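Undergrad: For reference, TrEMBL lists these features for the protein:
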TRANSMEM  16-36  transmembrane segment
TRANSMEM  52-70  transmembrane segment
DOMAIN    125-246  domain 'Palmitoyltransferase DHHC'
TRANSMEM  170-188  transmembrane segment
TRANSMEM  208-230  transmembrane segment
REGION    301-367  region 'Disordered'
COMPBIAS  303-313  compositional bias 'Polar residues'
COMPBIAS  333-346  compositional bias 'Polar residues'
Amino acid sequence: MAPSGSRSIKKGCQRVLYWIPVLFIALIVAWSYYAYVLQLCIESIEDTGEKVIYLLVYHVIFIMFVWAYWQTIFTRPMNPLKEFHLSYSDKELLEREDRGESQQEILRRIAKDLPIYTRTNSGAIRFCDRCQLLKPDRCHHCSVCDKCILKMDHHCPWVNNCVGFSNYKFFMLFLAYSLLYCLFITATDLQYFIKFWTNSLPDTQAKFHILFLFFSASMFSVSLASLFIYHCWLVCKNRSTLEAVRSPVFRHGIDKNGFSLGCSKNFRQVFGDELKYWPIPVFSGLGDGCSFPTCLVNLDPEQPSSPRGSNPASKGAAEGRQFPSKPLRESQSRLLTSTPSWTESDSATDKDRKGASNLGMTIENEA
């Protein structure tokens, strides 16, 4: 084993290297600002009205783009609540057991009080050896961050951060505003790009900035458009990138649409109920990231009927988390605390017919 000093130096070097893609993006954006504002708008555009309009629209898009990018980078990913971590006695009990089945019995006993519905491919409880915790639904361990991340989508090198529950909305807005940024530059730079090839521009250094600005903006537009469309599809299906690659496994088996509640509700899970917050890079999503409503008809009978669980300690811990920064209003949390309205009448009829009570109301899949 390498000395601790060598490991710390290695980790320090890795941290520096991880920032290189972010620095590259920052340099590209800084150059594009110089090329568009100074070389194109101020130096090349002669019409004052056109110049003012271009600069105003450009700076609005630029501010929103940088703001969303900043939020995506510096918003810390959320980790599972302490209720999902093993207690000291449970750790000792788990370490004393050598057989996998005995360990699973211990984990199943602990998981009975937690809102966990997903399993491994073999049907076992999802457990993280590194973090010593039972993984909440949609939670995965990031090998780069060396932490379990709630609703992990992927680790993005271009933001040097895990994209998950706490910053997925910011990541979507970053893609949207960066695409809009590139499309706006491409559209407004096009006529001057044409003038470059017809030798209608003065022979200054601005002509080369205009040329490369058009090429870079148009190429980035293509890649960003494909990525943005893909993530829009994921939001509408209520899937993460990891879930699109490997569908979640429930007690009854694999179900790629297990968390989908329909396009509208899927969208509001990420962006929230209030329209005014949708285009702004502030957290407005629903829930605590540890539990999610499902569209499953046959829920796991061993788990709590409510996705939020009934543990008061868990509820108190969830309310004390940093995200969301303001208390959830009833309209924001209803996807996790109550049954959607479109199944209430059907479920009520079914309860009267079967005479069942407190078994949880099921959600029909709209997707």
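Just so you know, glycine gets a Cβ as well, placed from its N, Cα and C.
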Undergrad: Where among 16-36, 52-70, 170-188 do we find the most Cβ pairs under 8 Å to the transmembrane segment (208-230)?
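TA: The stretch I would name here is 170-188.
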Undergrad: Could you pull out which residues elsewhere in the chain have a CB under 8 Å from any CB of the transmembrane segment (52-70), counting only those six or more residues past its ends?
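TA: Hits for the transmembrane segment (52-70): 25, 29, 33, 36-37, 41, 45, 159, 170, 173-174, 176-178, 180-181, 184-185, 188, 279, 281.
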Undergrad: Which whole-number mean pLDDT does the model give the domain 'Palmitoyltransferase DHHC' (125-246)?
TA: 94
